[in-house]
Amino acid sequence: MKKSIFFVPVLVLFFFGSRFSRVASAGDQRALAASFVFGDSLVDAGNNNYLQTLSRANSPPNGIDFKPSRGNPTGRFTNGRTIADIVGEKLGQQSYAVPYLAPNASGEALLNGVNYASGGGGILNATGSVFVNRLGMDIQVDYFTNTRKQFDKLLGQDKARDYIRKRSLFSVVIGSNDFLNNYLVPFVAAQARLTQTPETFVDDMISHLRNQLKRLYDMDARKFVVGNVAPIGCIPYQKSINQLNDKQCVDLANKLAIQYNARLKDLLTVELKDSLKDAHFVYANVYDLFMDLIVNFKDYGFRTASEACCETRGRLAGILPCGPTSSLCTDRSKHVFWDAYHPTEAANLLIADKLLYGDSKFVTPFNLLHLRDL
């Protein structure tokens, strides 16, 4: 998740954004017109390139398989596409959502959607402070306020409201950093854990997320997909710092994720479903989906679910981020993890497929294809 190299591939992002600036045909009412993406490094499309932050992915070999940039890094924390990229493509979106902080995030480019996600960001404002700068969820929603005003100017108030309510998808992939880079940070958070129980910490997360989702609803967001927290105790970083073997995971980290996920499901499928008129919330069970991938990785064609494809060798393996000095695996399609924290494009494709077309085991109350067509 962390990056210390401050090279910014602005030209790559600008070229990429202009190349895919076409808006979905007005006659194709089933196609997804716009995708608004909120979250952390799992779906960051390059916002952190424009921040002075330690959380960056703007150096090779990141993006090596991202075809629109011809293999150049764009700020995505993976070798290719993120889950949000893939979902947008499959639902008919004509262009990837442009990063909010990118110079070409204006005018008609906004009509394809905007990506506000930021590596290191969390639900809570204190999360990710170890990276110096990042966009937390509150700031991301603030930025959408600006985008919403631009839509009224571009389309007029009535058309803008219908465009956002009926033909747009709001994806929220956040929460992992609130544990990994807040509650579970070694030494930094130890004192806080003495005074704040897991229950009260999760309560705080849910309270903040509730308000953030309501703010989006008040600005005409109606179709939501919200991912729960994955089994963060099984990522290479956690295995490395806790000196675990390939088959072991960190119990505390996974228990915290499970506790939060239960509260999140109630928030989405009961509370907000009943209180926010005409809103549709899909609960994406990323935890079980990813755990299935980790446990049964061979069944999905992977060689390993514990070793990162791009990593530093030796005693720091599984800790340092992917960068120019990292060792790269020979076959990226055989690794579940790209680096110590993030999945490969191959894993993202499998996860996205389950979210798009899967059953209630992984998406509740229905899949994303159904959500789009409502």
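Glycine residues also receive a Cβ, built from the backbone N, Cα and C atoms like all the rest.
Per Swiss-Prot, the features are as follows:
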type	residues	note
SIGNAL	1-26	signal peptide
ACT_SITE	SER41	active site, nucleophile
CARBOHYD	ASN104	N-linked glycosylation site
CARBOHYD	ASN125	N-linked glycosylation site
ACT_SITE	ASP339	active site
ACT_SITE	HIS342	active site
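Each residue contributes its Cα atom, and for ASP339 (active site) and SER41 (active site, nucleophile) those atoms are 12 Å apart. For the recorded positions ASN104, ASN125, HIS342, a Cα-Cα cutoff of 10 angstroms around SER41 (active site, nucleophile) retains HIS342.
A gap of 22 Å separates the Cα atoms of HIS342 (active site) and ASN125 (N-linked glycosylation site). Distance between Cα atoms for ASN125 (N-linked glycosylation site) and ASN104 (N-linked glycosylation site): 27 Å, as a whole number. Each of the recorded positions SER41, ASN104, ASN125 was assessed for Cβ neighbours inside 10 Å, and the highest tally belongs to SER41. Packing around ASP339 (active site) is summarised by its Cβ count: 31 other Cβ atoms lie within 10 angstroms of its Cβ, all protein chains included.
Using a 10 Å Cβ-Cβ cutoff, HIS342 (active site) registers 29 neighbours.
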